[in-house]
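Down below is the structure, laid out as structure tokens.
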Amino acid sequence: MLSSLSPYMANPRQTFTQVLNFALVLSTAFMLWKGLSVYTNSASPIVVVLSGSMEPAFQRGDLLFLWNRSPRVDVGEIVVYNVRGKDIPIVHRVMRTFPDVPGKDKTKKGGKQDVEASPSSLESQKLLTKGDNNLSDDTELYARGQDYLDRKEDIVGSVRGYIPAVGYVTIMLSEHPWLKSVLLGFMGLMVILQRE
């Protein structure tokens with residue numbers, strides 16, 4: 001087995017070049033992802049639909065493109081949110097919006113006298129969501145004690161476009177962990193066997 005690797009060990013410069021090329025591909029992909037994250041103002045600018053709760057609008061495996069630069073979300077808009085304490089993105093439609101203007105919290109304590117809260121602190125928005133294919137709203141999905149989603153804290157982004165079925169590869173990799181090993185092994189083998 002080691003004798004089959006001897007041509008690669010005989011020329012360390014070529015081996016080093018292949019390793020650098022592989023590192024370049026990985027770092028370029030990472031930079032593109034981070035650049036897209038900054039441009040869209042979303043930690044996850046691209047997500048995959050994991051369930052059928054949004055059918056017929058989106059099918060399981062659809063790849064969604066998100067935008068999170070709008071200060072407000074409108075009723076009927078499709079958003080992606082994360083439940084607090086869980087790391088699974090949920091894609092659902094906004095059914096109702098509520099301005100977050102607390103009744104008794106309009107002033108903040110500031111020493112001896114009360115100080116009016118700034119307008120930016122009152123501009124938060126509460127949202128109630130529901131999957132198109134679900135019978136009830138998402139209050140059962142939210143974190144314990146949470147009745148609404150907070151626009152600034154919970155929303156990953158609003159859906160601006162999609163490509164059907166492309167994301168099904170990631171679902172297959174999640175459901176069958178052995179496929180990840182096969183894919184990584186294949187990629188590693190291609191890097192080793194590639195000659196320039």
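Just so it is clear, glycine is given a Cβ too, placed from its N, Cα and C backbone atoms.
Of the candidates Asn68, Asn134, Swiss-Prot marks one as N-linked glycosylation site, and that one is Asn134. For the region 'C-terminal short (CTS) helix' (182-193), DSSP puts the residue distribution at 12 helix, 0 strand, 0 coil. Long-range neighbours of Asp138 (active site, charge relay system) (same chain, six or more residues apart, CB within less than 8 Å of its CB): Ile90, His92, Leu128, Thr129, Lys130, Gly131. Taking Cβ-Cβ distances under 8 Å and a sequence gap of 6 or more within the same chain, the neighbours of Asn134 (N-linked glycosylation site) are Ser53, His92.
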